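S.K.: So that we are looking at the same thing, I have put the structure below in structure tokens.
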Amino acid sequence: MSEAGSAQLLAAQQQQQLDGGDDQLDPHVEFLQQLLRDNEFLQRENLLFEAFLAKVDMSKLGSLAEEDAAKKKKAARKTALPVPSQAGGGGRGPGGGKGEGSFSALTDEEKNDLVSQEVEMVQAEIEAIKKAGDKDIDDIRTLMEEVDMRIAETKKDTYEFKRDIIIGAENPRTGKVVAEKMIRFLEDKLRQKDGTADKLRLKNTTTKALITKLEHQLAHKEEMGEVLHLVDFDQLKIENQQYMERIEERNNELLKLKLSTSRTVQVLNHLKSQLSDMVAAGHSLRRQILERKQDLARFDAEYTSVLDEKGRGERTVRRLKLEQEDIDTPTIMDYIKLKHEVSELEKQLTDWRRKIDILTMEKSRKRTLLKTVATTTLPMPHRPGPSSGGAM
């Protein structure tokens, strides 16, 4: 009905704009709009009454109608008005042409009462659904916690059984599980279960005693007239709601702290991995430095040995030159021998000088490499630098 009326109204407005564009609407269009609004209002009102009638007992509704009719009869007797004057009131008087069992039209107050009752009933249903949902959520949360605890206990028992029985109780010679260890393990587990059962039994007894004590206190307060009033319960509800909000805030803060802690732990693990890599690199560099120092010490020893041999060769050459100068008239054979010895010594001297040059170049190269390695290891925070400088 409302969609058809809206389409008709839109067509009428378009036709009016095409005809002349007058500011005032057609009276028929206004009447149609009013009918559509009244029809929509009546539809909503009927839906509300249908929902109310579906929830209210018909026997109670009949008793309410009888009480309403009795009240109206009493009011009619008091006013002592003639019967024909009541006929125009829409059948609401006792002689309005309707039977006693018929229902009269509802007044605005009665409609308001019905709407209020319907709202209260809907709110009560919503509260009941919320309470049932909260209870179900608590039950499910409790079951999940219990299942998690059972899973953790099962994993722990499985790990201990594998560690103590499957691996620890196996006979290395036969490869079979030792029965004594298996029996002892089961006895220990049974003793643990018995201890847990005793603790739970004691806790249950204590809880029952506490409940009995609280029931006695409540009965005593009821006898003494110290029962809390409705206002006190409302105040307690308000305080409980405030505390629940605070708990929710604390839980949110705790969740944020857990998230930040997890991020911090991730960063810490990353830094630890980097630190372990740097420590490993530092150990490798230290080994390289030690090897370079050993090579340098060996080269220094070889260099010193070569210098000593060079000095001995030079002294021999000088001695031979002096001997050659001291001889006045050597023979031809002596001259040939001396010449041969001198040429051999010169060859040896040339070889030693070449070796010295090679060792000098190798020594300078090793020193440069050692300086480079010491420079790369100098910024490390956990190793002071004077050790590298001392090696130089």
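Using N, Cα and C of the backbone, Cβ positions are placed for all residues, glycine too.
A TrEMBL annotation is a machine prediction, not a hand-curated record.
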S.K.: Out of 1-25, 26-50, 176-200, 276-300, which range is noted as region 'Disordered' by TrEMBL?
M.R.: 1-25
S.K.: State the non-local partners of the coiled coil (335-362) in its own chain: residues 6+ outside its ends, Cβ under 8 Å from one of its Cβ atoms.
M.R.: 299, 302-303, 306-307, 309-310, 313-314, 316-317, 320, 324
S.K.: Within the domain 'CCDC113/CCDC96 coiled-coil' (191-362) only, compute the mean pLDDT.
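M.R.: Per the prediction, mean pLDDT sits at 85 for the domain 'CCDC113/CCDC96 coiled-coil' (191-362).
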